Amino acid sequence: MSEKEIWEKVLEIAQEKLSAVSYSTFLKDTELYTIKDGEAIVLSSIPFNANWLNQQYAEIIQAILFDVVGYEVKPHFITTEELANYSNNETATPKEATKPSTETTEDNHVLGREQFNAHNTFDTFVIGPGNRFPHAASLAVAEAPAKAYNPLFIYGGVGLGKTHLMHAIGHHVLDNNPDAKVIYTSSEKFTNEFIKSIRDNEGEAFRERYRNIDVLLIDDIQFIQNKVQTQEEFFYTFNELHQNNKQIVISSDRPPKEIAQLEDRLRSRFEWGLIVDITPPDYETRMAILQKKIEEEKLDIPPEALNYIANQIQSNIRELEGALTRLLAYSQLLGKPITTELTAEALKDIIQAPKSKKITIQDIQKIVGQYYNVRIEDFSAKKRTKSIAYPRQIAMYLSRELTDFSLPKIGEEFGGRDHTTVIHAHEKISKDLKEDPIFKQEVENLEKEIRNV
């Protein structure tokens, strides 16, 4: 597979995972130069974008690359100006990405500090009302692994600092004990490695890797829902670590009780320790984050420009810092000083984009569930009583109307139901909307509430 083909697939997947603003601002115009010795060199024409991608999106792209090429590749974003320093007499346009030899991939799993973003420490984490408790719990776990809260389960929306806290835990543990064996991974990567171990008959090595450690940090655990074999493997891994007093830290975009198609025995174990949630930052925290960022980068940005960003970008920290990066790039490319007017001009696409925050099926289930007094877990259950079945059909209808998810994906979020069930629900609700004006108003009100989440 050529570099161009690989990167086209990576961008296609990334577009689904990232917000439209993040994708179009930072990733859209990048190009894969080469893959060599387990490293993917990716070109970006804007220096700010290259730095930002390395800091904030390297892990996401690494996971996507694993899915596309089938082996571990670390992305490294550089500018076209930096390419001359890197090329070192290489051919200008390599045709095929080469898979590293068995010797280099057999033991390419990192247990040390290299797996963590150097910036993501407790010192750089800005504390506010929405994250004070998760920060305190994470610090307690890092100070005394398996002594305070085990497992520690951190949940919250995208870009609120869950991964930052997990990296900070890893750094702190290694600061206190450089010999500690720490693994940071995502549930997707865990699943892919598990599948590979089955395919290559390396189950024992896989289990040894994940069970002979001191701390396991696993991100986005919600993605193991509906993966029966992966859940079973993780259940035994969890038990082994917990019984041996090893620390487990888990992150998710939702609490355990709201993860559909999760085995009850796993759900109960996730609830053994402490569950903490991170909420979006308030104005003061957003300003503090921006001020800390410009201090770290030694940037000169007027307070009124920061105030504009903090007032306009309220959803999450990643979008907040991304807006700052976009402003800096815009100012540099146009050769204009940063003012409030330039800030508004640079961020107009972000601020005016009506879908900058993607509606999720969980958003829909939550709103519909609250309205009809249905628990979120009942949307995935096999119950067929009208008091549950009809709200479930409404939620399926709204999921098809308000999201870009495929029919099978929607069915999966409703207890692994077949796509034909989703089609039937959509047809049924569409018919009822035409025949019942009161019901139509009801659904329209639900839709407005969901769009305002």
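A Cβ is built for glycine as well, from the same backbone N, Cα and C atoms used for every other residue.
Annotated in Swiss-Prot:
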BINDING   GLY159, GLY161, LYS162, THR163  ATP binding site
REGION    1-71  region 'Domain I, interacts with DnaA modulators'
REGION    71-114  region 'Domain II'
REGION    115-331  region 'Domain III, AAA+ region'
REGION    332-453  region 'Domain IV, binds dsDNA'
In chain order, residues whose C-beta lies under 8 angstroms from the C-beta of GLY161 (ATP binding site), counting only those at least six residues away in the same chain, are PHE125, ASN131, PRO134, ILE278, ILE317
Neighbour count (Cβ, 10 Å) for THR163 (ATP binding site): 24
Validating a neighbour-count step here. Other CB atoms within 10 A of the CB of GLY159 (ATP binding site): how many? 21
Taking the Cβ of LYS162 (ATP binding site) as reference, which residues of that chain separated by at least 6 in sequence fall under 8 Å from it? PRO134, ILE154, TYR155, GLY156, ASP219, SER251, ILE278
Quick check: which same-chain residues outside GLY159, GLY161, LYS162, THR163 lie with their CB within 8 A of the centre of the ATP site CB atoms? GLY156, VAL158, LEU160, HIS164, LEU165, SER251, ILE278, ASN316, ILE317, ARG318
How many helix, strand and coil residues does the region 'Domain IV, binds dsDNA' (332-453) contain under DSSP? 87 helix, 0 strand, 35 coil
